[in-house]
Structure formats: C-alpha cells, structure tokens
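Taking it in order: structure first as structure tokens, then the write-up.
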Amino acid sequence: MPKRILTTVAIIVAIFFISYGLNNYVVGQALPFSLLSVYLFHAIATIIIYLIVETLNEKLPNQVGYAYLMLICFKIGAFVLIFQKSIFSLETLEMTSRISLVIPLFVFLITEGVIIGKLLSRK
C-alpha cells in the first residue's frame, strides 16, 4: 500500500506541474487571481481525497463511493469559501480567466476519477 500511495501522489504532483505550466504558458497574461493558488488547492485536495478514500477502502469498502461523492462536495464548497474574495467578487471575468479557472477543476476531477476507479476495481 505505501508504494501505491507514493506512486499516486507522484502522479498527482506531476500532473500539477505539467498542467500548471501549460496553462500558464498558453494564457501568457496576468489573471485577476492567482493561477498557482488554484492549482495548488486542487492538487492538495486531490491528494487528501485519495488518502481518505484509500483508508476507507480498507475499513469500509462498501461505503467508499458515498464518501467520495461527499468529499467532492466538500472540495467544491471549500474552493468557493477560500477563493470567494479573489474570484467571485469580480463582476465580470474574461473568457481566458474563466477557462483558466475551470481547467484545473476538470483536470484534477478526471485524475481523481481515474485513480479512485482503479482503486475500487482492484477488489
């Protein structure tokens, strides 16, 4: 199990660096929010969610799916609370800013789905 956890965390960190670098390079302009903070939030939240699901999979394997859905809701709620002033107080966001805000969400949501799916299909 520790090897699987380290491998998964390394994959998430690699996805963080690659996707942040690509997004920052493609946008090429200053955004009204910190793109690094958004990516860090999603990467750290993904690691935390994976660790919780990994732990629950050993203790309560029948409840892992429900726990994952609950954790995703908490993640979105925490994102709204943390970035409320820097993102949601702006009246209008340009399309590049909107896309740069949504890309990390989908990248890490897909990553979580694939990782959790592989974890659950092992049993």
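Cβ coordinates come from backbone N, Cα and C, glycine included.
Taken from TrEMBL, the feature transmembrane segment applies to 31-53 (among others). Beyond the transmembrane segment (31-53), the same-chain residues lying 6 or more positions past its ends with a Cβ under 8 Å from any Cβ of the stretch are 5, 8-9, 12-13, 15-16, 19-20, 23-24, 64, 67-68, 71-72, 75, 78-79, 82-83, 86-87, 90, 93, 96-97, 100-101, 104-105, 107-108, 111-112, 115-116, 119.
For 65-87 (among others), the entry in TrEMBL reads transmembrane segment. Same-chain residues lying 6+ beyond the ends of the transmembrane segment (65-87) with a Cβ under 8 Å from its Cβ atoms: 32-34, 37-38, 41-42, 45, 49, 52-53, 56, 93, 101, 105, 109, 112, 116, 120.
Residues or ranges marked as transmembrane segment in TrEMBL: 99-120 (among others). Counting same-chain residues at least six beyond the ends of the transmembrane segment (99-120), those with a Cβ under 8 angstroms from any Cβ of the stretch are 8, 11-12, 15, 19-20, 23, 27, 31, 33, 35, 38-39, 42-43, 45-46, 49-50, 53-54, 57, 64-65, 68, 72, 79, 87, 93.
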